[in-house]
Amino acid sequence: MRALDKKLLRDFRRLWAQALAIALVLACGVAILLTTYGMYGALEDTRTAYYERNRFADVFGDANRVPRGVLQDITAIDGVRTAEARVVKHVILDVPGRIETVTGRILSLPENGVAQLNLPLMRQGRLPDPTRADEVVVNAPFAKANNLQPGDQFFANLNGQKRELTLTGTALSPEFIYTIGPGALLPDNKTFGILWMPERAVSAAFDMEGAFNNVTLKLDPSAIEAEVIDRLDDLLDPYGGLGAYGRDIQVSNSFIDAEIAEQRNGSMILPPIFYGISAFLVSMVIGRIIALERSEIGLLKAVGYSDVEICIHYLMLACLIAVLGTLLGWGVGTWLSRAVARIYARFFDFPYLVYRVSYDAYAISGILAVLSAALGAAKSALSAARIAPAVAMAPPAPPRFKRTLLDRVMTVLRLSQPVMMILRSIVRWPVRSALTTLGLSLAAAVLVASSFFSDALDVLMQTTFDQANRQDATLMFSPDVRETALTAVANLPGVLKAEGQQFHAAVLRHGHLEKDTPIEARRPGTDLSRIVNGRGRIVDAPADGILLSERLATHLEVQPGDVIQIELKGGRNETHDVIVSGIVTQYFGLGAYMDLESLNRLLRQAPQITTANLLVDTNQLPDLHRVLKDTPELSGLVMLNEMRRSFQDTIRQNITIMTSIYVVIAVLITFGVAYNGARIQLSERARELASLRILGFTRAEVSFILMGETMLLAVLAQPLGWLLGAGIASALSKGSTSDLYAIPLVLEPSGFARASLIVLGAALLSSLIVRRRLDRLDLIQVMKTRE
Amino acid sequence: MPDIVFRTEGVTKVYDTGELKVHALAGVDLELFAGELAVLLGPSGSGKSTLLNILGGLDHATDGRVWFRDLELTKLGDRGLTQYRRDHVGFVFQFYNLVPSLTARENVQLVTDVAVNPMRPEEALEQVGLTARMDHFPAELSGGEQQRVAIARAIAKRPEVLLCDEPTGALDSKTGVQVLEALKDINERLGTTTAVITHNASIRKMAHRVIYFQDGRIARVDVNEHQISPSEISW
């Protein structure tokens, strides 16, 4: 090994603490980039492959009842390659051994048994015999959650008839990677399942012979999706079309879209912060080392080492730090990716393991780490290469201090000499002080941003569950039933209170802007499911007009007082002008609210309801479930209490994990910045501080000078950290907003306080570690050392 | 006609600090001959080190010309000077300038790694009598030993010239003599042209020629007919 390389390795070993402090910060960046970019790639690639292999449809359309003949017209639409008609219904299931009512979504399988689009991928057993009316395949996670094996039997309430069905196999489908039941917030495989059943059996059970109510299309690559959707709408509208849509609105796909977007955003927001801070720390440390090794550099040049060799020598030192950080980051990132993959496995049903982070992600995260370290070291390494050998051999000129306005102020303020030393040093190296402050403020910002999530979800859950949706359970009817049915519902065992609510498919238009979203309608004064306005007050939809959620209003660019057009789907498809009477807060879905009476007047029918919200006596739940399993009109049941609990548990768990990770990250950043800052100051000021000790200053007084600068910068960093944190939180809030949900921007004073306490605590600890070195300073040795 | 190694014509060096122009060298004409041991004497600031740096290719002259044999140093750029130092010159400095993280052997290896036809590091250290201390780090060596490592490092590339700037400046008389003996020995056995800067007048007696500096100029040159051995020197 060359002597210069030996020097490199020994320098690296000597600097281990500082190198490690930087490497840990860099490792955070590498790990997060590896995880987010890796997961982003893995999700995207697997989804693409899965969609392709199992022919996931491009366009979807629902209607009430469409004659079979229309399918030919649909197939003839320009750009449509394949069209497949199905009968799709929601049913209530009675699974042996399960007290709760289970909701199922039945999909018909074509006559020949082989679907052309959205191919179910068999995991177990076989497809049902097309001639049998009692055989079904269910989605594999549902079978697993309910302990069902091929050959097992369970009951389904098919259009009022309770039928015993035999399970012939289990399957997965690209349509149901994220399987969320109607009205649910999270997937729950115990209470919601997908059933594939031969078309003949489904049609017979639901009186749909010669008709269909769902169609899916595969398009030519050259097709224009929006045009196909418009044409499909035209064809379905006469048969109660409920609005055709593309993959972007398909429920399962849009959840995966949201997750992919989150990972992509994650890979773009946080890692650059870590890489940036690492570059700064490397520049600070290498800059100091080069200052200390000035005469060695002169010597290397004197004996004939070229500028390039010297430049590379110091760049290599930075690269070693980067390599250490990369290896640590890869280790943590691999572990983190597996943890994320486990979470995905809980929520996403992919047929094959995709959770392998690609080599690209490893390569990119590593290369960026080396580049950022090299970039950080570049300026100092180049200056080392450029310095003339004769100049390098001579001791450096002492730093130039000039009298500035600050000095006059300090004189007037009669500040003590140590305080002046601290302030002068900050002013003397403004770039370094500013970057140190920025680094520490980013640590605080990361914490502010992380506590934002926790506080935001508190508000979100409080608004959604305590204020807006207070029912214990929601019954779903298909099709809508007369409002008078509520009387029967109220008489069900254990039901303390029942209120009706209608959901009607609609297209909302304002100028050229439009959105497909159901209109929710209820009677004024309902107490279980309520509307919350922007100020947290409970409001009712006015008799004439519509209330829109903030996101919907933003999308349509409307304000209270504006008039929008609503097209009511599923029947006559009439269009009406309605005035926007207010904007309300809603975090899940895109809400549009009307008065029940008004909506039904527009529909020209007696008031109807889609759901019944219930307050239930929990002691009588088993009885309620028993009766509901035999209720013909019922298409589903959501137990909100359980949903709330599982949602809160899941969210809490995720937040706890995430918050802990952020605290570790913030502490690592603080340690990296504060420790290196203090070490470099100690190195620069060793003579000065030793002189003060010789002059009779106590250890505490000398430590004050050393720690004072770091702590002063740490304190100055706080307001900036709060501001940056609020900015990151706002970006995260905006970035996570989709048609599915919105995370409100909630910033509590406690979040800022906690962030500052952690950062200041970590900064103090880092300075104290350096202080121990100061205590051990050999005064005589330091004074002897030639600068 | 003696074999000329270095020749300078009207060399000047001006340090421009902005407010002040310092004339470190004010027109120096000098020749150094192959195999000679020359001592450069003079007070601080008289221009000795500046001239040595220019001869060694560490610094550029402001004006005038400098030749190393047929090679005109004043025409070379940084790259050319680096190559020149790498191939021809050995340096010894007052403060040894050893790399603290490398052992004695490795400090020498630093040079042998980049030289064209070097000795083995062990051989160079043997020349200065440090065989037993080869694997010690600078902090484990005395000042004299450190300076001898620096000499070993300088001669390991078999340089044609050895330029020494105050090699005994940081040493006591006894260790200083050991270092001078090493230098004399190298000069005699290997025939290396050696220039030694000092402001210790007693060292002049071991030289073939003594060049006196004053205010950036050569004041006079004395030739010693008889050189004494370093062991006869003390200060």
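Keep in mind that glycine also has a Cβ here, set from the backbone N, Cα and C atoms.
Per TrEMBL, the feature transmembrane segment maps to A:20-40 (among others).
TrEMBL lists A:273-387 (among others) with the feature domain 'ABC3 transporter permease C-terminal'. Residue counts for the domain 'ABC3 transporter permease C-terminal' (A:273-387) under DSSP, helix first, then strand, then coil, are 98 helix, 0 strand, 17 coil.
Here the transmembrane segment (A:273-291) has long-range neighbours at 11, 15, 18-19, 21-22, 25-26, 28-30, 32, 297, 314, 317-318, 321-322, 325, 368-369, 372-373, 375-377, 379-381, 383-384, 396, 432, 435, 438-439, 442, 446, 669, 672-673, 676-677, 680, 683-684, meaning same-chain residues at least 6 beyond its ends whose C-beta is under 8 angstroms from one of its own. Among the features that TrEMBL reports, transmembrane segment is placed at A:273-291 (among others).
Sequence annotations record features per position, and here TrEMBL assigns transmembrane segment to A:312-337 (among others). Sequence-distant contacts of the transmembrane segment (A:312-337) (same chain, at least 6 residues past either end, Cβ-Cβ under 8 Å): 4, 7-9, 11-12, 15, 19-20, 22-35, 38-39, 278, 282, 286, 289-290, 300, 355, 357, 362, 365-366, 369-370, 372-374, 376-378, 380-381, 384.
Feature annotation from TrEMBL assigns transmembrane segment to A:357-378 (among others). Packing against the transmembrane segment (A:357-378) from elsewhere in the chain are residues 22, 26, 29-30, 33-35, 37-39, 41-42, 45, 271, 275-276, 278-283, 286, 314-315, 317-319, 321-323, 325-326, 329-330, 333-334, 337: each is 6 or more residues past its ends and has a CB under 8 Å from a CB in it.
Sequence annotations record features per position, and here TrEMBL assigns domain 'MacB-like periplasmic core' to A:433-606.
Among the features that TrEMBL reports, transmembrane segment is placed at A:434-453 (among others). Listed as Cβ neighbours of the transmembrane segment (A:434-453) (distance under 8 Å, sequence separation of 6 or more from its ends, same chain) are residues 270, 273, 277, 280-281, 284, 655, 658-659, 662-663, 665-667, 669-670, 672-674, 677, 710, 713-714, 716-718, 720-729, 732-733, 743, 745-748, 750-752, 754-756, 758-759, 762-763.
For the transmembrane segment (A:655-675), the list of distant contacts is 17-18, 21-22, 24-25, 28, 274, 277-278, 280-281, 436, 439-440, 442-444, 446-447, 449-451, 453-454, 457, 710, 714, 755, 758-759, 762-763, 765-767, 769-770: same-chain residues at least six beyond its ends, Cβ to Cβ under 8 Å. Among the features that TrEMBL reports, transmembrane segment is placed at A:655-675 (among others).
Annotated domain 'ABC3 transporter permease C-terminal' per TrEMBL: A:661-774 (among others), in sequence order. Counting residues of the domain 'ABC3 transporter permease C-terminal' (A:661-774) by DSSP class, helix then strand then coil, yields 98 helix, 1 strand, 15 coil.
Look at TrEMBL and you will find A:711-732 (among others) tagged as transmembrane segment. Remote same-chain residues near the transmembrane segment (A:711-732) are listed as 265, 269, 422, 426, 433, 436-449, 452-453, 456, 670, 674, 677, 743, 745, 747, 752, 755-756, 759-760, 763-764, 767 (criterion: CB distance under 8 Å, separation of at least six residues from the stretch ends).
If you look up TrEMBL, you'll see A:752-770 (among others) marked as transmembrane segment. The list of residues near the transmembrane segment (A:752-770) in space but at least 6 beyond its ends in sequence, with Cβ under 8 angstroms from a Cβ of it, reads 440, 443-445, 447-448, 451, 663, 666-667, 670-671, 674-675, 678-679, 682, 706-707, 710-711, 714-715, 717-718, 721-722, 725.
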For the domain 'MacB-like periplasmic core' (A:433-606), mean pLDDT (0 to 100): 90
